[in-house]
Amino acid sequence: MSAAPVVDAEYMAEVERARRDLRALIASKSCAPIMLRLAWHDAGTYDKATKTGGPNGSIRFPQEYSHAANAGIKIAIDLLEPMKQKHPKITYADLYQLAGVVAVEVTGGPTIDYVPGRRDSSDSPEEGRLPDAKKGAAHLREVFYRMGLSDKDIVALSGGHTLGKARPERSGFDGAWTKDPLKFDNSYFIELLKENSEGLLKLPTDKALVEDPTFRRYVELYAKDEDAFFRDYAESHKKLSELGFTPPRSAFIYKSCQKPKSLLMQTAAGVAVAAAVVAWAYLCESNKRLG
């Protein structure tokens, strides 16, 4: 495990530059789905009992990206390598999670709170920690509970399937979960509740969300209330992206310093507008009297 990056103003500025570059890359390559998958698969190996795995950039090594569940993920790793060379200060772990956050946002999804400072690691976990699409509810709970996540997290994060499609050469399955696989919305849950979604994919793990009564409550909620889905998804995605990671205090200090500055600028602008309105009203009244 490498040393944690120093998250200072310079690092945060580099993160914002990388964020802009990621928006452009994802828009030009239409690669939001695989960027979200990369972020998920790097983080989703976490084991809270042993404190191993998690969002540490180890997925960039052959011993991990060659796992069966990661078939095709090298495409995203290769797309991001020039970005890493352009922004060398940022760790792979931070870059991969930032790519996932941006992928959701640029496709119409919620804004996800992102705090940098993750360490890079070359220690890859053993194969088999990611969900197996051919299994059901008990398996999903086993995998997500191992990470320290909840039933709500399971369903909310499954909503990420609103982006992208399964490919037979990668998973053995073929097709998209929604009619617009490049738009982040709640249509995944709407389609899940339909008895027949012609031409759309429903994996055994997807069907488990409807068959399990606890999971189904969240599916029904998210299908009828996209705002609720976006709120819960943003919360669950943040939890996933920070598994085993304690954000550095410096990042919070930086963010807190930015908010008052922004608020001050907004307040100053508001005062200036109000003063202009008062001055204009006074001028109009004076003109009336002179007339």
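Sequential numbering from 1, following the chain as shown.
Glycine is treated like the rest: Cβ placed from N, Cα and C.
These features come from Swiss-Prot:
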- ARG37: site 'Transition state stabilizer' (SITE)
- 114-133: region 'Disordered' (REGION)
- 116-133: compositional bias 'Basic and acidic residues' (COMPBIAS)
- HIS161: heme b binding site (BINDING)
- THR162, THR178, ASP185: K(+) binding site (BINDING)
- 263-283: transmembrane segment (TRANSMEM)
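When the Cα atoms are compared, THR162 (K(+) binding site) and ARG37 (site 'Transition state stabilizer') turn out to be 12 Å apart. Taking the mean position of the Cβ atoms of THR162, THR178, ASP185 as the K(+) site, the remaining same-chain residues with a Cβ inside 8 Å of that point are GLY159, HIS161, LEU163, TRP177, ASP180, PRO181, LYS183, PHE184, ASN186, SER187, TYR188. The Cβ of HIS161 (heme b binding site) has TRP177, THR178, TYR188, ASP206 as same-chain neighbours under 8 Å, each 6 or more residues away in sequence. Here the Cα atom of ASP185 (K(+) binding site) is found 16 Å from that of ARG37 (site 'Transition state stabilizer'). THR162 (K(+) binding site) is surrounded by 29 other CB atoms, counting those within 10 A of its CB over all protein chains shown. DSSP assigns THR162 (K(+) binding site) to a helix. Sequence-distant contacts of ARG37 (site 'Transition state stabilizer'), defined by Cβ-Cβ distance under 8 angstroms and a gap of at least six in the same chain, are ILE73, ALA76, GLY164.
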